């Protein structure tokens, strides 16, 4: 067999060793042993599997969500192994809606594979699997701001920066940044899908493209106009703003949930807190979403901004 000593290091292969960001929601280590250790910990040592649905929308820390995705994507563990371990847990400890929900997420994974098998290359077409005609934009400045976490929308920027620094983003974050790119910036969904091919360490072709089609309204979701409200989502899932301040340190001077509604902060405080030139952020001056102007001008009420999106 091959031992760990037989595997060359990144340096020996002429590559730069990856650096660990201490803010990471989970420090992934490759291999079957690590995958099985996580499964054991998540189920038997912490009983986190029995609370999955309550914690899956978390943003900070190691214990929210299962974090199985990277090992699944690289074949370090199989969905069947996870399934049977959960069934074993249910028979010995507790079976509830939360343990079921982990299995349900595995079914979603299978579902997107069946979608890929059925529609083939249509998975990558501009109009999606049903050939819908949507006038997508390909504005490179807006796309650059999005992928670098410089849109001027704190919740979006925090998620994109976490992805760039760690190769990981929560499920809640992925839904929001995809909605923002396709429904607010109105950029070609494939730009986002391609970026998510290269950045997440858990990239899986069918899951990635299936979810992007879903978010863009050209996949299996019949709600074509389904759109997330970035402000409400931030306040719902990062009520005190800790996640935003963790990844957007320029805003550390803004306390509590007000970090999500920075236009309500006095301009003097904002200019001291945000080191990059927010007035020049493409989204802030863009008419594409209808939210940018409200974000950066005092006098616009929070409710007025929310009216521009559905209440997701």
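Keep in mind that glycine also has a Cβ here, set from the backbone N, Cα and C atoms.
Because the structure is a prediction, the values reported are computed rather than measured.
Per TrEMBL, these features apply:
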type	residues	note
BINDING	52, 65-69, 105-112, 202-204	FAD binding site
DOMAIN	104-266	domain 'Cryptochrome/DNA photolyase FAD-binding'
SITE	136	site 'Electron transfer via tryptophanyl radical'
SITE	189	site 'Electron transfer via tryptophanyl radical'
SITE	212	site 'Electron transfer via tryptophanyl radical'
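The Cα atom of residue 136 (site 'Electron transfer via tryptophanyl radical') lies nearest to that of 212, taking the recorded positions 52, 67, 111, 203, 212 as the candidates. Most other Cβ atoms within 10 A: among the recorded positions 111, 136, that distinction falls to 136. Within the model, the domain 'Cryptochrome/DNA photolyase FAD-binding' (104-266) shows a mean pLDDT value of 94, rounded to a whole number. The sparsest Cβ neighbourhood within 10 Å, among the listed binding-site residues (67, 203), is found at 203. Residue 189 (site 'Electron transfer via tryptophanyl radical') sits 30 Å from residue 52 (FAD binding site), taking the C-alpha atoms as the reference points. A sphere of 10 angstroms centred on the C-beta of residue 105 (FAD binding site) encloses 19 other C-beta atoms. Of all Cβ atoms in the protein chains displayed, 26 besides its own lie within 10 Å of the Cβ of residue 212 (site 'Electron transfer via tryptophanyl radical'). Within the same chain, residues at least six positions away from residue 52 (FAD binding site) with a Cβ under 8 Å of its Cβ are 65, 66, 98, 99, 101, 102. In the three-state DSSP scheme, residue 52 (FAD binding site) is classed as helix.
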